[in-house]
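Undergrad: Following this message is one structure expressed as structure tokens.
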Amino acid sequence: MLIFISNMEELLIENSQRFTIFPIQHPECWNWYKKLESLTWTAQEVDMCKDIDDWEAMPKPQREFYKQILAFFVVADEIVIENLLTNFMREIKVKEVLYFYTMQAAQECVHSEAYSIQVKTLIPDEKEQQRIFSGIEKHPIIKKMAQWVRQWMDPDRNTLGERLVGFAAVEGILFQNHFVAIQFLKEQNIMPGLVSYNEFISRDEGVHCSFACFLISNYVYNIPEEKIIHKILKEAVELVDEFINYAFDKARGRVPGFSKEMLFQYIRYFTDNLCFMMQCKSIYKVGNPFPQMTKFFLNEVEKTNFFELRPTQYQNCVKDDAFAFKLFLNDDDF
């Protein structure tokens, strides 16, 4: 581990005199935590009953495209959780930041559960489910992306600043195009449950990504050189390009609402915004190819009354009775 550098970082310095969160010593970080706390939701609070008919009516090439996205998501969130639990939450000593990452880890667990529910609901065939749940083994590009994430999260090879840049790239660049692709289903007025999940998860991930950028700009002493930041971000973009090509090949190039060239441009537009948040020069200097979805891109999805969304007929949507029973236990069952 890079001790000679890491020991200079305020985030990693133990305060032996501080045992409680109050009095707050880092109010901006505390505000980030409270913002994240306000977004709390659970995976059971989205109804996917209508999605089953929409999914079955969807052309097979389009279904194949979205299956690749689900395969990525079920793997990616687990790797994010792994990094939080084994690295950041063990290393970070500033309590307000640690509170944020504790809340983020809980949210990522909700996201992971939500993706599993989506797979179980939409894909009844158990062998096909397993192919999606085993994304790293079955999809070479997903394995490559997972290896890249673990490479940049490794504390023995990278400074804290480099790892935070990599973390922002994961939460932002690697996820963003997939969020956009799912959101286009809303314009087709189909898959309302999947779209609702997507809006809640993308909103959460937007906060996670922005917080990483905030720490880089305000707390990291050893900020990576701009060329290193650009290297990390460009590597992430190249991986996304490769995934998009792979997913479009599976869909035989037919996905309603957008082309892969539009997704290529969008991820570069998004990456330039990340550069701005990290106080770096932009890399690609391209416009937004999806101006009609600006509100979604800015994570301005209105907070929903989740009690109104709480489903009452989920057992009819999930074809695995044992799985459904486990999902819908209430407090009286414990």
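Glycine is no exception: its Cβ is also placed from the backbone N, Cα and C atoms.
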Undergrad: Name the one residue among GLU56, GLU64, GLU162, GLU171 that Swiss-Prot lists for the same Fe cation 2 site as GLU108, GLU205, HIS208.
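TA: The record-listed residue among the candidates is GLU171.
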Undergrad: In Swiss-Prot, the residues GLU108, HIS111 are said to bind Fe cation 1. Which of ASP77, ASP154 is said to bind at that same site?
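TA: Fe cation 1 site check in Swiss-Prot: besides GLU108, HIS111, the record includes ASP77 out of ASP77, ASP154.
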Undergrad: Sorted by position, what residues of the same chain at least six away from GLU108 (Fe cation 1 binding site) have a C-beta under 8 A from it?
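TA: For GLU108 (Fe cation 1 binding site), the qualifying residues are ASP77, VAL80, ILE81, LEU84.
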Undergrad: Which number gives the other C-beta atoms within 10 angstroms of the C-beta of GLU205 (Fe cation 2 binding site), all protein chains shown included?
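TA: That number is 24.
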Undergrad: Under a criterion of Cβ-Cβ distance under 8 Å and sequence separation of at least 6, what residues of the same chain contact HIS111 (Fe cation 1 binding site)?
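TA: Counting only residues 6 or more apart in sequence, the Cβ neighbours of HIS111 (Fe cation 1 binding site) under 8 Å are ALA43, PHE73, ASP77, ILE201, ASP204.
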